[in-house]
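Going by TrEMBL, these are the annotated features:
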ACT_SITE  S798  active site
ACT_SITE  K841  active site
BINDING   G410, P411, P412, G413, V414, G415, K416, T417  ATP binding site
COMPBIAS  74-83  compositional bias 'Gly residues'
COMPBIAS  85-94  compositional bias 'Polar residues'
COMPBIAS  95-107  compositional bias 'Basic and acidic residues'
DOMAIN    12-257  domain 'Lon N-terminal'
DOMAIN    707-892  domain 'Lon proteolytic'
REGION    72-108  region 'Disordered'
Amino acid sequence: MMAEPVELPSRLAILPFRNKVLLPGAIVRIRCTSPSSVKLVEQELWQREERGLIGVLPVRDSEAAAVGTLLSQGVGGDPGYGGSKSPTTSSGEQQKQDSKNHQEPIHWHNRGVAARALHLSRGVEKPSGRVTYIVVLEGLCRFSVQDLSARGTYHVARISRLDMTKAEMEQAEQDPDIIALSRQFKATAMELISVLEQKQKTVGRTKVLLETVPVHRLADIFVASFEISFEEQLSMLDSVDLKVRLSKATELVDRHLQSILVAEKITQKVEGQLSKSQKEYLLRQQMRAIKEELGDNDDDEDDVAALERKMQSAGMPPNIWKHAQRELRRLRKMQPQQPGYSSSRVYLELLADLPWQKVSEERELDLRAAKESLDSDHYGLTKVKQRIIEYLAVRKLKPDARGPVLCFVGPPGVGKTSLASSIASALGRKFIRISLGGVKDEADIRGHRRTYIGSMPGRLIDGLKRVGVCNPVMLLDEIDKTGSDVRGDPASALLEVLDPEQNKSFNDHYLNVPFDLSKVIFVATANRVQPIPPPLLDRMEVIELPGYTPEEKLKISTKHLIPRVLDQHGLSTEFLKIPEGMVKLIIQRYTREAGVRNLERNLAALARAAAVRVAEQERFSPAIQLSKGIQPMAASTTALLDTRLAGAGNGSSPSNGEVEMEVIPMDVSGQEISNFDGGSPIVVDETMLEKVLGPPRYDDNEAAERVATPGVSVGLVWTNFGGEVQFVEATTMVGKGELHLTGQLGDVIKESAQIALTWVRARASELEISSTSDKSLLESRDIHIHFPAGAVPKDGPSAGVTLVTSLVSLFSKKKVRADTAMTGEMTLRGLVLPVGGIKDKVLAAHRYGIKRVILPERNLKDLAEVPSNILSGLEILLVKRIEDVLEHAFEGGCPLRKRSKL
Ligand code: ADP
């Protein structure tokens, strides 16, 4: 293992070792790539039969020389060598630098170490064919350079040995100074080893070294294993004198030992202080370093950089950019595991994503084209479209004029949303819908402050982020559905949004910096006007869309809905035909709505069913073609099958197998086969309607059936879905004279019921409903009134007349007319007061096939809004007093009137 002192030749080939020192006893691995060192290795080591020796001589870069000559004690050999312009030589490791410093003078150290190669390997680099060597060298003993001369491309030095021979050595070991120094060195070395041993178990062998290797070599070996500066290495090399060398080595070993102990102490201390997350952070830092080393750069650091780039290109106003940078700096200082990190990040992402300046190019507004597109998208609605065109015209003349905010009011499915999106496309702007339905919390509009956990921006800012431009058409959907409660008033936030003076700097609590909403065009929708807070309503121009008549719905279906639905399902009229008669049936029996949303849904259901069949048909189409060719849709499917099978019978090639498969559709029922009949489309008929849509949900006889027993009357009410026909059922049973109400009811309706009952009771004798045996009817009986049909909350006083009618019907045991519906509020004394939503209620009556409508007289003016074609089909009965209502509601007049003197 350890080399015995060797015989040195007088000349050695010299391998320069740049800024490094090979000490005796040390082993290094060097890759030689420069032409001179390759040549040297080849000639001195590779091609030699017996193992040759070479000299390893430290050289220093000129810069290093400038700093460090001081320490190179003993330098002072032939000055000629110091500045020799020798050919470039280098150890492989420094090869790159070498070629750079080609012209730099080389500073040779004048002492080196003779080395022998323990291992040699030769490689040929692939494309260039360049030869390289990897050499493992073991340092043997010091020498000094007498003179240096070039031999070919490398250098050869005349040398003299510096280390002691064996004999000199043995003599020196008797020297008491050396003995003391050796002891001291060994003790320090021993200490170092035991410290190292605690850390890792593999140093056991080093202890053995300590016992067996002569101390002067040990000194070199120990020092060689430390990472110390070039200068210190050089001074170790220059420590030819054994005493000097031992004390130097002792000093270095001790220093190393101390640094380990200190480091240990620090780690222990630090470890104690590190929390888990900090430890993770350290590990992550290390991982990052490792990744960087490996060239994997996909981590947070770059993430943050990418975020910053995104923020830079977001076009933030300067003051906001400053704010964002502050936040970004904060983020940079945080660890990803820290609580605030992700929230801070999400916030910055929002800042980067918001369209501070990005606009969709507003194109020159062409009113004609806008009108055409409105017309092509929407049937009817002439007035509404006219108003929209006016609105657009104003914008065209004064692009930054702040017209009122348009607010479309009407039941669902009447085209409010699609009109708003038409406005957007007419203006060439992007469209974004923000749903305000059920928004009770101001924070929904304005966002939560970021101090809240899980805080978010409000819906407006979120919408803007999604739409990505700052000038969209923004639809505030269901603005009437915002309520206010303890959590603030969303309406007041909306006020700010819609106020052109204030919305230049809209303040979202989450965003915490103002955002300019002034480029947004707002359009609102509502089901009803009443719930909209007046100040908000004040900012808006209401455009009512009352709902469609069945005739209009039919037109909308044929012109818009059916083509669109077919298109959405990849069908055309070639595949599916929905005849008008069927559309009418859907309108009558399957939908009873003011708008066309359910109609569209039902049409879509038909299209889906057809699409499935068409898809199947395509799968089987070769067979269908064949069957058509062979014989026109014969009843004798079996005959057809026979022919086909006969044709397929003469072999079992794969194609025949296919043919057999194709036969399968022939097995289905005759009716279905007609649908598979090549080109002819599926035509929707009543059977298909029932199959796809189920049994009819409504029928025209509903009213007649419902009022078949006394106690039921037909009312008209207003719900969020427009007008509705509402049956009121009253019944009575033995009890204590209490009133029970069921159904989805508001408080007002309960009061209406009380008033109705009081009125009826007060008139009981006049109405002669408490005569004879029925006398007890009102005293010892409970009355139960039920408002069936749907979970639609019903409120409003307009059921007053209906309630009375049903009670009168109950007590008089007379049925009300099935063709008559009514609405109206009633006072305690029997006056009928006007109510709202007349147009919708009349439309609803019309939808239900009601022929007569009883309305408060003072609602006459509202009839002007009802389309005349609908009015013409209805008998409108205007009433002042409840007695008039009863007169109209029963066949042959008020059942009790003749007897009483009402
Ligand atoms: P709303 O917003 O009023 O609830 P939508 O705008 O969502 O209703 O309309 C529902 C569907 O009915 C949409 O597909 C719309 O295109 C269609 N629609 C409504 N009214 C018309 C109309 N007059 N002409 C054509 N399609 C209409």
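These residue numbers are counts, starting from 1, taken along the chain as shown.
The backbone N, Cα and C atoms fix where each Cβ goes, and this holds for glycine too.
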Query raised in the report: Under a threshold of 6 Å between Cβ and any atom of ligand 1, which of the binding-site residues P411, G413, T417 are retained?
Result: G413, T417
Query raised in the report: With every protein chain in view, how many other Cβ atoms are within 10 Å of the Cβ of P412 (ATP binding site)?
Result: 19
**Report entry** Cβ-Cβ neighbours of K841 (active site) (radius 10 Å)
**Finding:** 29
Report summary line: Here the binding-site residues are G410, P411, G413, G415; the one whose Cβ sees the most other Cβ atoms within 10 Å is P411
Query raised in the report: Using Cα coordinates, what distance in whole Å links S798 (active site) and K841 (active site)?
Result: 11
Query raised in the report: Hey, how far is G415 (ATP binding site) from K841 (active site), Cα to Cα, in Å?
Result: 19
Query raised in the report: From the centroid of the CB atoms of G410, P411, P412, G413, V414, G415, K416, T417, the recorded ATP site, which same-chain residues not already listed sit within 8 A by their CB, in sequence order?
Result: F408, T525, L545, G547, A594, G595, R597
Query - Inter-residue C-alpha distance, P412 (ATP binding site) and K841 (active site) (nearest angstrom) - result: 15
Query - Those recorded positions listed as T417, S798, and which of them has the most Cβ atoms within 10 Å of its own Cβ - result: S798
Requested in this report: Output, ordered by sequence, the same-chain residues six or more apart from K416 (ATP binding site) with a CB under 8 Å from its CB, or 'none'.
Outcome: F408, V409, G410, T525, L545
